[in-house]
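Data first, discussion second: the structure below is written as structure tokens.
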Amino acid sequence: MIRGYGRQAVQAAEGPALSAGRPLMRWAAGGVAAAVRGELDGLGVPRSKARVLVLVGGGNNGGDGLFAAGLLAERGVVVSALLVREQVHADGLAFARRHGVRILVHAPDGAPALREEDSAGEAHSPIPDGVAWVREASLAQVWVDAMAGIGVRGGLRGASAAVVGVLDRLRQGQVRPARRVIAVDTPSGLSADGGVVSGPVLRADRTVTMGAMKAGLLLPPAAGLAGRVEVLELGLEPEFAAQAALVERLEAADVARLWPVPGPGDHKYTRGVLGVVAGSGTYPGAAVLTVGAALRTGCGMVRYLSKDGAVADRVLDHYPETVTTPGRVQALVLGPGLSDERDQDRVRERLAEVDELADAAGTPPPALVYDAGALSVLPQDPQVNRRRRAVLTPHAGELAELLSARGTPVDRARVEADPARWVRIAVEVTGATVLLKGAVTLIAGPSQAFDGGKGIRTGEVGLLSQADGSPWLATAGSGDVLAGILGALLATSEAPVPLLAAMAALVHGRAAHWANPGGPVTPSDFVRALPGTLAQVLTLR
Ligand SMILES: NC(=O)C1=CN([C@@H]2O[C@H](COP(=O)(O)OP(=O)(O)OC[C@H]3O[C@@H](n4cnc5c(N)ncnc54)[C@H](O)[C@@H]3O)[C@@H](O)[C@H]2O)[C@@H](O)CC1
Ligand SMILES: [K+]
């Protein structure tokens with residue numbers, strides 16, 4: 001489980017360590033310098049030709065950058081530090097100077113002039129705007145962004161913002177992409193607390209974050225600017241364990257631990273039966289994908305309940321193990337491949353039938369996945385949805401539509417600008433668990449949905465963020481597969497619904513990768529890859 005912390009928690013965790021005199025900044029700088037050396041090696045740059053530009057802000061983030069600059073220069077790398085503030089970390093600056101880092105000073109906010117220090121760091125010779133540091137930037141194979149970390153307030157302004165603008169233009173104009181950007185702690189300008197991007201940010205290839213993962217690095221859209229994120233723990237694990245996280249992310253080992261693996265005493269009914277109401281004359285393939293995904297995720301039985309004979313025949317052609325007679329189910333997937341009003345009537349009818357069967361047997365009504373065409377038939381009463389373990393699987397556009405139809409007007413762009421906020425609002429408005437699909441999938445659930453669950457002490461935060469799939473996953477039919485995986489999990493496990501949704505997202509993303517690592521995949525490919533993916537994940541149990 002990866003836990004993402006906000007600024008307050010980081011400060012609370014670091015405070016005692018700093019008071020105890022632990023040299024956190026030196027360790028942090030050591031990690032940054034190692035990451036820079038790793039990137040230079042990856043680019044095949046010999047140490048004698050290596051050039052690095054470090055962007056230095058006025059706080060401790062800049063301090064990390066200055067110490068890292070000194071450590072690199074000590075090893076023979078040509079390092080320039082561009083100070084975007086007049087006052088920077090004094091010890092860091094002294095250290096950098098001592099090791100021969102070239103110091104360039106950006107003038108105060110807004111002013112165009114730049115100056116360069118002489119080797120003693122005393123006399124400053126004015127130099128024309130854009131000459132020294134832009135030349136250095138274009139020569140450097142690695143840029144290190146240490147302008148601001150968790151101490152940033154609002155979007156980048158002044159010299160920092162201007163520097164990002166220049167570097168972005170420089171990067172765009174270059175044919176040769178052989179350069180890496182490493183962000184220190186966070187890409188400067190991003191908040192540790194959330195995923196909103198409120199100003200210019202230098203997109204990083206890699207972020208070395210200090211002490212623990214920051215919530216903002218797990219949340220879109222900010223997460224998309226951080227590149228590969230690695231945590232430098234700095235021995236602060238016990239301190240962070242005592243802090244509250246803002247968001248969580250399941251890893252494969254968590255999924256393995258939580259997965260409903262059948263025991264010797266199980267039979268098809270104890271394992272769980274899933275009903276599927278999906279597919280139509282217009283989109284028959286959705287039924288095949290949803291049923292296939294559910295079967296290959298593993299449940300006792302899948303009942304295909306849509307009463308469209310032609311679609312049912314197609315499903316049976318692909319999966320003869322599908323049962324097409326009505327009967328009791330523990331979970332129901334509603335909506336993939338359904339679109340018009342007639343389809344929605346069908347959803348209501350099938351749901352009523354299934355509920356009647358459960359009622360007659362005195363068993364709880366099935367848990368529900370509302371996907372695509374079924375989102376519009378979700379009951380208005382949040383209590384109803386909460387009670388019956390309902391989960392919605394919209395993308396941003398569908399979420400905006402759903403909220404707008406329920407008296408909370410919002411459009412797709414606003415959802416995409418702050419999905420963590422809107423997914424929580426959607427939980428409040430609907431009472432359901434909401435899985436918001438995207439490059440990063442966010443899951444939020446009503447607090448009750450996290451309760452109990454066989455002593456599972458994960459998922460307490462109420463917000464989960466999964467980034468398991470590659471952009472190749474964004475293809476028609478991908479959501480039908482996710483709905484099938486999730487349905488199978490809901491039918492077979494009583495774990496808290498948000499955890500099941502996060503598990504489904506992880507397995508979905510991994511199966512797509514497993515089907516064809518690094519290349520294009522079709523949903524049919526990743527349905528086929530599901531059993532192998534799961535077997536691999538379960539080795540971590
Ligand atoms: N607390 C600690 O001892 C440790 C902190 N570390 C580093 O210290 C950082 C936190 O340091 P600080 O609290 O000093 O804060 P930061 O250095 O993250 O941010 C403060 C700096 O950003 C500038 N700034 C703030 N908002 C801005 C805006 N909108 N536009 C432009 N500039 C802006 C400030 O003027 C100041 O120069 C962490 O992110 C991490 O990199 C590490 O050295 C590990 C140990
Ligand atoms: K930074």
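Each position is counted from 1, following the chain as shown.
Using the three backbone atoms N, Cα and C, a Cβ is placed for every residue, glycine included.
All annotation found in TrEMBL is predicted automatically rather than curated by experts.
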Record says Lys437, Gly438, Ala439, Val440, Thr441 bind AMP. Source is TrEMBL. Which of Gly397, Gly477, Gly479 does it list for that same site?
Gly479
TrEMBL records Asn61, Ser188 as K(+)-binding residues. Which of Asp91, Asp145, Asp254, Asp266 is assigned to the same site?
Asp145
Which ones, of the binding-site residues Asn60, Asp145, His395, have a Cα no more than 10 Å from the Cα of Gly479 (AMP binding site)?
His395
Same chain only, sequence gap of 6 or more: which residues have a CB within under 8 Å of the CB of Asp145 (K(+) binding site)?
Leu55, Val181, Ile182, Ala183, Val184, Pro187, Ser188, Leu202, Ala204
Reported as an integer number of Å, what is the Cα distance between Ala439 (AMP binding site) and Asn60 ((6S)-NADPHX binding site)?
32
Please give me the binding-site residues out of Asn61, Gly63, Ile150, Arg153, Asp185, His395 that lie within 10 Å of Lys437 (AMP binding site), comparing Cα atoms only.
His395
Within 10 Å of Thr441 (AMP binding site) (Cα to Cα), which of the binding-site residues Asn60, Asn61, Ile150, Asp185 do you find?
none
By Cα-Cα distance, the member of binding-site residues Asn61, Gly438, Val440 nearest Arg153 ((6S)-NADPHX binding site):
Asn61
The sparsest Cβ environment within 10 Å, among the binding-site residues Gly63, Gly438, Gly479, is found at Gly438
